[in-house]
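Chemist: Encoded as structure tokens, here's the structure I'll be asking about.
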Amino acid sequence: MSFFVDSVIMFTSQVLFFGFGWLFFMRQLFKDYEVRQYVVQVVFSVTFAFSCTMFELLIFEILGVLSSTSRYFHWKLNLYVILLVLIFVVPFYIGYFVVSNIRLLQRQKLLFSCVVWFTFMYFFWKLGDPFPILSPKHGILSIEQLISRVGVIGVTLMALLSGFGAVNCPYTYMSYFLRNVTESDILALERRLLQTIDMIISKKKRIGATRRMMYLRGEDQNKQTGFWGMIKSVTSYPPGSENLSLIQQEVDALEELSRQLFLETVDLHATKERIEYSKTFQGKYFNFLGYFFSIYCVWKICMATINIVFDRVGKTDPVTRGIEITVNYLGIQFDVKFWSQHISFILVGIIIVTSIRGLLITLTKFFYAISSSKSSNVIVLVLAQIMGMYFVSSVLLMRMSMPLEYRTIVTEVLGELQFSFYHRWFDVIFLVSALSSILFLYLAHKQAPEKNMTI
């Protein structure tokens, strides 16, 4: 009876997660598109539901909710379903919708979709060869074979996003990095933009007037033919006519300049608004957060470097280790085990909520940036693939943030993976991503004033 009640709780929560994923799909991702393929919506919602269920099981593990046998069963069921979706269902449908957009392959969509899926499986399987992610005793069809490869892709993605976010967050929040933009700078740029638009309009009027004059004179109907006629039409112009190709080139150059000026004007307005916002109480709060995250970024880069150089992986979760150091330093009586459990629960909860929220925001921005009516289904499936791999890898890495007694069942479910490799790999990719982001933002910030001065 206990197992039945536990299963009802788990399946009810999965239905709620599925409904939230369905609403997010309809209200955010596809609010500007007509939903024609409900299978895409179902696959996305199922991936979201089982991804969130893994985080739910992590919290249940710390709180001791449900019986241990029920948790173990649902861990296994959840992992098998999410791996089935990520490795078999989503790649097949990505290939199917890609092939559906190619007219030449319309008659053999199923065949070419299978070819795309087999190609994905080949590269997915070869991905595990260079990495020491498995114990030699694992069979070719074991669950460890699949989780290990999904983990490599997901950890790489997490490290890239974390490295960029750790650098971009203080750069975005801190008012120190804002350019000094005045109202006169904006007015001067807008004046030049209007002048450029006036020049485009006048040149297009000249083109229209010239074409009308040529039409009235019958030049379009009585052009000379042959080689010499073509040479003459290029090198000489009748009285009152102009070189239309030359004027059109000037118009194209001015239109490109107007686009650049418009983007720069929008950028200056946004910077001016950020300067005004930074003077408010909320702006000062985010400015403080920017300094805090900049310190965290430096600390994280230093720790990643130390871990890589000395090949170091933590044995104790950060919460327990931090409490032990504090208690030993202050010399007070403190129940480390009791408080580490509760603080770990809060920490894991914060990580889960911020991970889900941050990833959904990122996916929404990415979808709006590159989607179209034809590619939207493929992009949603790719985002579902990224989301699933991201969350599976989060469980791999969050295992280290849990006290030792709560890692046991997670380790049993995931199998005998080389967990230390994933932490080292995360540190390497994080360091590369953070340093590359620092270089990119430095060059962008250094170039911005120069661009302003030339305008």
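Positions of Cβ are set from backbone N, Cα and C atoms, glycine also.
Not my notes, these are from TrEMBL:
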type	residues	note
DOMAIN	142-207	domain 'Golgi pH regulator conserved'
DOMAIN	277-446	domain 'Abscisic acid G-protein coupled receptor-like'
TRANSMEM	6-26	transmembrane segment
TRANSMEM	38-59	transmembrane segment
TRANSMEM	79-98	transmembrane segment
TRANSMEM	110-127	transmembrane segment
TRANSMEM	147-169	transmembrane segment
TRANSMEM	288-310	transmembrane segment
TRANSMEM	343-368	transmembrane segment
TRANSMEM	380-402	transmembrane segment
TRANSMEM	422-444	transmembrane segment
Chemist: In the same chain, which residue numbers or ranges, 6 or more beyond the ends of the transmembrane segment (147-169), come under 8 angstroms Cβ to Cβ?
Modeler: 79, 83, 86-87, 124-125, 127-128, 131, 133-134, 290, 293, 296-297, 300-301, 358, 362, 386, 388-394, 396-397, 414-415, 417-418, 422, 425-438, 441
Chemist: For the domain 'Golgi pH regulator conserved' (142-207), jot down how many residues DSSP puts in helix, in strand and in coil.
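Modeler: Summed over the domain 'Golgi pH regulator conserved' (142-207), the classes give 59 helix, 0 strand, 7 coil.
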Chemist: Three or more CB pairs closer than 8 Å, sequence separation of 6 or more: does that hold for the transmembrane segment (380-402) against the transmembrane segment (38-59)?
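Modeler: Taking Cβ pairs at least 6 residues apart, the transmembrane segment (38-59) and the transmembrane segment (380-402) are in contact, with 3 or more under 8 Å.
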Chemist: Mean pLDDT for the domain 'Abscisic acid G-protein coupled receptor-like' (277-446), as a whole number?
Modeler: 73
Chemist: Checking distant contacts: for the transmembrane segment (38-59), what same-chain residues at least six beyond its ends satisfy Cβ-Cβ under 8 A?
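Modeler: Residues 10, 13-15, 17-22, 24-26, 29-30, 65, 71, 74-75, 78-79, 81-82, 85-86, 89-90, 93, 97, 345, 348-349, 352, 355-356, 377, 380-381, 383-385, 387-388, 391-392, 394-395, 398, 402, 410.
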Chemist: Do any residues of this chain, six or more beyond the ends of the transmembrane segment (110-127), have a C-beta under 8 angstroms from a C-beta of it, and if so which?
Modeler: 87-88, 91-92, 94-96, 98-99, 149, 152-153
